Each structure stands twice: as C-alpha cells, then as structure tokens.
Amino acid sequence: MAALGFATGGGSWFSALALGVTLLKCLLIPTYHSTDFEVHRNWLAITHSLPVSQWYYEATSEWTLDYPPFFAWFEYVLSHVAKYFDQEMLNIHNLNYCSSRTLLFQRFSVIFTDALFVYAVHECCKCIDGKKSSKELTEKPKFILSVLLLWNFGLLIVDRISFPVQWLFIWLMLLSIARLFQKRHLEGAFLFAVLLHFKHIYLYVAPAYGVYLLRSYCFTANKPDGSVRWNSFSFVRVISLGLIAFLVSALSLGPFLASNQLPQVFSRLFPFKRGLCHAYWAPNFWALYNALDKVLSIIGLQLKLLDPEKIPKVSMTSGLVQQFQHTVLPSVTPLATFIGTLIAILPSIFCLWFKPQGPRGFLRCLILCALSSFMFGWHVHEKAILLAVLPMSLLSVGKAGDASIFLILTTTGHYSLFPLLFTAPELPVKILLMLLFTIYSISSLKTLFRKEKPLFNWMETFYLLGLGPLEVCCEFIFPFTSWKLKYPFIPLLLTSVYCAVGITYAWFKLYISVLTDPLVLKTKK
Amino acid sequence: MEKWYLMPVVVLIGLTVRWTVSLNSYSGAGKPPMFGDYEAQRHWQEITFNLPVRQWYFNTSDNNLQYWGLDYPPLTAYHSLLCAYVAEFINPDWIALHTSRGYESQAHKLFMRATVFIADVLIYIPAVILYCCCLKETSTKRKITNVLCILLYPGLILIDYGHFQYNSVSLGFALWGVLGVSCDWDLLGSLAFCLAVNYKQMELYHSLPFFCFLLGKCFKKGLKGKGFVLLIKLACTVVASFLLCWLPFFAEREQTLQVLRRLFPVDRGLFEDKVANIWCSFNVFLKIKDILPRHSQVIISFCFTFLSLLPACIKLTLQPSPKGFRFTLVSCALSFFLFSFQVHEKSILLVSLPVCLVLNEIPFISTWFLLVSTFSMLPLLLKDELLMPSVVTVMAFFIACATSFSIFEKISEEELRLQSFSVSVRKYLPCFTFLPRIIQHLFLISVVAIVLLTLMTVTLDPPGELPDLFSVLVCFVSCLHFLFFLVYFNIVIMWDRRNGRNQKKI
C-alpha cells in the first residue's frame, strides 16, 4: 500500500506525466502508419538476415539502409526481439508485409525506447535553475518544461507514423545537452559522437558542439573582458575529446573501412539524387523561394512575358520526390544550399566563440545551427523542425523573450506537420492534440512570465490566430470545392508557405536576440 | 484564478482519449447475421427515416422487431432520425430500407463515431464542467482535477466509443437534472431529467431520488404555501415534457401501449447474459430463472429492490440536501442494478455517474467503485476486442485519481465518512477502530483479485465443460463488491445527518 502510494502519490507528478503520455501512445496504436513503417521493417529484415558486409549493398526494396552503422546495429538488436513476434517480417523479399503482430511490435518498440527519453527529460529538468520557484506546482518551470518535452505534439505524431527511433535520437541529444549543463563535458561529447553515428542529420549541429567544447572546455580560463586566454589551453582535454570521437567512429565505421566499403556506405548516407524539396515542401526558405517562382511564372504567363512551351510541366507538390526545374528564378544546386547553410550558421558560431555564455549560450547556438540547416538545407524533411523545437523548450522557461520565440516556432512548426497525418480518422486526433499542446504551452508560459511584458505583439497574435482559418480552409472547405481535382496541391502549398513565414520570422528573431545580447561577464571563482 | 487555463487542457485530454478509443473495433464488427449495438443504432436510423412514426414500434413487413427492433423511448428514436438526415445527406446507402442491413465501411464507422462524439460534446461534457465549477468549498485546482477524473472514467468511454451506444446523452441529461435540482432551478432540473428518462428508460433508476428530493423540498417549504405551488409547477413540467416527447404516440391507445411493451419487455427474463447482479450470481447455486414462474420473479425482484432503497429514500424525503441527494442517487441506482428485473451489464454506468459526482467527497471509495464497475464489464469488452483500450484507459484513470486526490492518504474514518457510524458502534463495541484498516486491506485484496481474474480471462482457455467459467467469476466477484458498496453507501447516508447535529452541538 505504502509503496503503491509512493509510486503514484502527490510528489511524483513527473512519473504521472510520463506514464500518461505512454498510455496515450498505447491508445494511438491503431492509428495510421506511413511508408516509414515499411522502411523500418525492411531494415530489420536486412540486418537480421544478411551479414554486415552486405548491409549497405542490399537493394531489393527501394528503401535501402541509409542510416549510419550504429543505427543498423540497433535494428539488428531489435530484430532479435522481433523474431518472437513474427518471423515473417524479417524476410527481405516480403515487401510491404504488415501483420497485426508486426504493427504491435513496431509500436511497442517505440513505447519501450520511450523510457530512455523520459530519463533524458528528467535530467534536463534537473539542470533548469529554479530561481522562479513558485509554490504552485503547475507554475514551476520544471513542471512546465517536462510537459513541453514529454507531451510534445510533434514527437507524438511523428512517432505514430514514423520510425520508432525519433525518441532514441532526441534522447541522446537531450541527454548530451543535459550533461554539458551539468559540466560533465566528456560524457556529453561521447553521447553526441554516438548520436552522430546513429543519425548523421545531426552533423548540422556538430559545429556548435565542436566550438563550445573547444572554447569552454579546452580553454580553461578567460581574460577579464571575456575573450579567450590562449595560454590556458589544456592538451589533455583536447586529446581526451579527440580520443572519444576517434574511438566511437572506429567502432562504428571500422568494420566497413577494413573491408573497403566506406565509399559505398557514404554514397548511401548522402544521397544527393533527391530533389531540393521533399514532396511536401518543408516550411523553410526554399518553400518561399519556390512559391515566389510559381507566382512569378504565373504573372509571366499572364503578361505574356514567358513562353508556355518552355515551362517544364512538373508540379513540385504532386507527390513524387523528384528533380525540379525553376522557371523564372535560377535553379538551386546542392552546393548552393550547402553554402547557404554554412553562411547562416557562421555568425552564431562566431558568437559562441567571442561571447561565451556558458551552456545557455551553447544551447542557443545549437538551436540556431539546427534552424539554419532547416532553413537552407537540401531535401529537408518537415519533421526536422523538431531538432530545433525540443532544445528550444529548454530555453523557453528561462526568459520571456525566448518563450515568445519558442511559441511562434513551435506552433507554426507543429502545424506544418499536419499534412503528415492526412487520413480522416486521425484528423480529430491531430487537431485535438495540437490544440492541447498549443493552449497549454501558450497559457502556461504566459502565466510564468505574467509580470513581464506580453509575449506577443499584435502582429504575432494575428499570425498565430490565422492558423485556425487556414486549417479550416485546407481540410474542411477545400475538399468540397471544384478546385480539388484541378489543383490538389493548393492546401499543401498554402500550409507550407504560411508556416515558412512564421519559422523564418522566429529564426530571424532568435538570431537578432543572440547577436544583440549583451555579453555577461562571468566573475571567475 | 489564473489556473483556469488548465480547464481547456483537461477537457481536450478527455476528448483525445475519447476519439482515440473510437478508432478501435465496435460491437459486432463483421459478425453477421445479427452484428451488435452498432448495427442496432444504424438500423434505427434506417427505420425512423424510412417508415412513418406509426410503424416505428410495430412489427410490420418493413420492420422486423426480431432484428434490433426499437426498444428505447421516443427521444432515442428522434435522435436516430436526426442522425439519419445527416447520413442521407452524406451517403443514402447507409440508411436505405432493407438493403443497408449490416452495412459496414470505414467512412460509415467514422460517421457513427462522430455522432457519438458530437452528442457527448454538446450534452455530457458541458454538464460535467459546470457541475465541477459549482462544487462548493473546493479550490480551482481541485475542480479542474475533478473534471479530468470524471471525463477519464473508462466505463463510459469504452461503452460509448468502443462498444457503441449513446449513454452520454441520457447520462448527460440526468447530470443536467442533478445540476439544476441542486442549484435550486427545480423546473429546469426536472425538465432535463424527464428528457433523460425519455431517452433511455433505464434512467428510471435515478427517478426515485429525484422524486424524493423534490418532494422533500416541497415539504420543507410547507405544503400549504410555497411548497404546494412548487409541487404543482413541477408536476406540470413533468407532464408537459412527457406529453411533448410522446405526442406522436398518443394518437391511438394501441400505439402508447405498444411503445410501453417495447420499453419494458417483461418476457425477456430475470436477467440476460452475464450481469454482476444478485440474480445472476445466485444463479450459480440455484437456477431461479427456471424454477420460479415469470410473474413471481417480477414480484420478488420488485420487493427486494423496493426494500433495499426504501430507507435512503425516506431519509432523503425527510431531510432533503444536495449532498444527501447525490448519495441517495448512488444507493438507489445500485439497488436497482443489484435487485431489479432485466438488468443489463451496461446499466452499471447509471450507478457510476452519481459515483463520479461524489468523487470529490470520498475519493478513495469512489475510485475503487469506478474501477470495479469497469471490471464488471470485462466479458463484454473482451467480446468487442477492446482489451487494449480498456487496460490503458483504466490505468490512466487510476493514475489521474491517485495523483490528483492522493487517495491512499485519505483513508481515515473521517475521510471515508464513517466517523459517526464508528462512533455509534463504539458505544457498544469500544474496540471498533479497525474499520479503515479493514477497508484498506479489502481494497488491496480486491485489486489483486481483479488483476488476476483479468489475466486469467485473457490468457487461459476455460475448461470445456464450463465455457463461461471466467465471465461468471467476473460477475460474481463484481457482485460481491457491489453488495459491499451498497452497504457502505447506505451506512454513509443513514449516519450522515447525525454527524451534522453532533457538530452543531459542539
């Protein structure tokens, strides 16, 4: 009795929150799942039935293994559990196989890896300084932060339809951030190195880690004006960091290097054959660019400035991942996006070097890196926005300015995930969950910062409120109009352009706040 | 005051759980020829839309009463008609006469689920919110957590959104009735309750407390002055609302009688299937259903019901108070469930609703009761393949109750409302101090029994000669629980006022 009471009683609100979200996920088991389900099944089959040397050569299914080796090993481990559920799903040639037990296995693998994520959130909540401790539980920053992370709408729905492993990545990232906050730098670096070999998309935030560790860990002291003191460089620390990075990479890529497969692995990991944008445009800079191109080409056609014969007859949002030719504006090459990303990242990196502000500054830089790569990257998937949203939650409970950026970013970012769940039975689920998260995040942060200036100005309020009518138009009115057959892509286009505006704005605002933030001189102990 | 923003959050959680449960299977999915309650509701839409009102309750060539004939009062029929008009607008095939029998499709399921959802949002949920906001002497936070716990009650969610019924409509009306009567809007309250009775005749389980409470109020105001006026007004409201609902059926005497015959099918026996009441449990030892003639079954069940609810009702009439009213609602509904004729296992929801209303006052016992009530429907839920959502929602409900009311710390005599009872027992038996501890142990034993029985039912195959072994066991165990709760609630009711007087004396 006492044990039961302790487990569920008053103080352990955290476990109640975590259990609640786990139960919600159990309830979501019968919902829609996307092709990612098949991708994942195929990878389980590949790693289970083939020797390591053929993992990155196998191409029976179109969904070849394109994640780094650690992830492949993770699948390998999972597959040994999977065989007790349904042996058939581990057959490579069993394309598009889906039994109820397979589904159950995949769903449960998500729910169980969840436990790790909960642990990471717990660690993150510990490193939030509770200077604003209020007596009321629901107004404590820790409580708000854990709800924002655990009940994150994006993770909930992306996980439903996508790999059971987003949690794993996010877990590693949050945990490594928490370790850096706790000054356990080596652990943090190790976790990040492992993360990179799980999913290489996190390369985008690697600069933030690199510079921060170099500046704040390898250089042990600062000059009084905050600039670096060159003679405080610690070789031991650099070597230990290097050793960690090297060992992890060796463990991961070593076997492939030994059998001379590295080029093949890399060709799978970095496929540049896909288009600039995903089938549905992620709401980033290129969405705006594409939209401008479309508008210009339509205007051009109206004014007879363009020759209709020369216009490529490929609609960008028709549903296939393909190369795309811009009509008016110059076409974008992978190199251009790479340079764009680099230029966007650089100022934040400089800022991190010249104005070190401890872990908080690092976190801002990391978010900027993630957001910039989302804004300018090649073939960005819309769910990549979660890379920025989740770390941003950590910042949001600290300062009113950050909270307002967070709310704009999260709300638009989450709304832009709506097209991922497009089936009718799930429509109420996504709307309800989105409302739940948005109402909670906005009102709890408003309550937390009620003594400071209002979080939104009239323009931002107007923009956020506009999401409601947009949703109504796209999903309730548009399907009943005659345009549905002629221009099926209009709702997607509208959603992505509208959200792109908000995300660009949030990115801009965050950048300005980082660049103009006054340098806080830390008094050395 | 700033905590009110949690209210929409809590309501949204309730709605999300409701909709996600509705993605699961429904009763009789893909099981011809009879299907289940889902098909019954669809069939009623078909009947009410295509046939004239005169034929709704009659066996005709177009309306085979053996195949899910309409057996609820007129308001249900009107609701079906309303849904049928929407269905006709979306896809006429769904309600085509004869040809649509056993119609099943994804789109149709979505439509049916949406009708439940909308009815719930319009009637039940606002009533719950308003009820909790009107609670006296409770903090904002407490009110909000109370809403959460009531909205998460798994029994109602699973039956309405899994099994498929519209209980939230009748329960919602009844709740509006409770709300109105407790806030002294007696006429509106009785109107709402009449609507509830006219939606499902099972709401009659609640009718006696309503009657006694209102009568008691009239007595209190003095039967010669204001009380009499109130009584006349109430009588007029009730008669008028019944007249309005039954108007099309009053044209001929035969019509009215036929509807009544459909509503109270005496020839269907003392109980059906497996239900956790006295008769079904007693049936294990003695087959009363076969031994006694039908009319003596009716008489016996009536006598038992009447005797068991009499004390609480008299008490309420003499000392009407909103609190006593809520407790009497529980005990009366429970008496009906345990002893009355032709009880269905889903009728336990009628007891659960008033228990939800006292959740704030006696969280420990209420949570326990609500868990047991869901458990008592286990055989039904398993038949509908709702195991997964059942387990999940029960756990969610338990966690919500445990964290928001910290129920395990509230097991003192005072928290259990057994103080005055214990005091009076101690006059004769001075060492009577172990009651809370006994209840605590009973709770642990009961939880273990519930978990074990659930596991056994799910994993083991029953022995060949006793195919219903587990479902009978589930009913028997739940019945024991309900008997205990009946005794408990009667004790609380009977010793309630004495406590108040003692305090006044001090």
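Backbone N, Cα and C atoms are what each Cβ position is placed from, and that goes for glycine too.
Curation plays no part in TrEMBL annotations; they are all automatic predictions.
Taken from TrEMBL, the feature signal peptide covers A:1-18.
Residues or ranges marked as transmembrane segment by TrEMBL: A:12-32 (among others). Counting only same-chain residues 6+ beyond the ends of the transmembrane segment (A:12-32), those with a CB under 8 A from a CB of the stretch are 6, 103-104, 107, 110-111, 114, 118, 121-122, 125, 137, 143, 146-147, 150-151, 156, 159-161, 421, 423, 425-426, 429.
Panel annotation: around the transmembrane segment (A:188-214), residues 67-71, 74, 165, 168-169, 172-173, 175-180, 238, 241, 244-245, 248-249, 252-253, 269-270, 341, 345, 348-349, 352-353, 356, 361-362, 365-366, 368-370, 372-373, 377, 384, 387 of the same chain, lying at least six beyond its termini, place a Cβ under 8 Å from a Cβ of the stretch. Per TrEMBL, the feature transmembrane segment maps to A:188-214 (among others).
What TrEMBL records for A:234-258 (among others) is transmembrane segment. For the transmembrane segment (A:234-258), same-chain residues at least 6 beyond its ends with a Cβ under 8 Å from one of its own Cβ atoms are 52, 56, 68-70, 185-186, 189-190, 193-194, 196-197, 213-214, 217-220, 264-265.
The transmembrane segment annotation in TrEMBL covers A:335-355 (among others).
The feature transmembrane segment is assigned by TrEMBL to A:361-378 (among others).
Beyond its flanks by at least six residues, the transmembrane segment (A:429-449) meets 28, 31, 132, 138-139, 141, 144, 147-148, 151-153, 156-157, 396-397, 400, 403, 406-407, 410-411, 414-415, 418, 421, 455, 471 of its own chain at Cβ-Cβ distances under 8 Å. Summarising the annotation, TrEMBL assigns transmembrane segment to A:429-449 (among others).
As annotated by TrEMBL, transmembrane segment applies to A:461-483 (among others).
Positions annotated as transmembrane segment by TrEMBL: A:489-508 (among others).
Taking every recorded stretch in A:361-378, A:461-483, A:489-508 and counting its Cβ pairs under 8 Å to the transmembrane segment (A:335-355), the highest total belongs to A:361-378.
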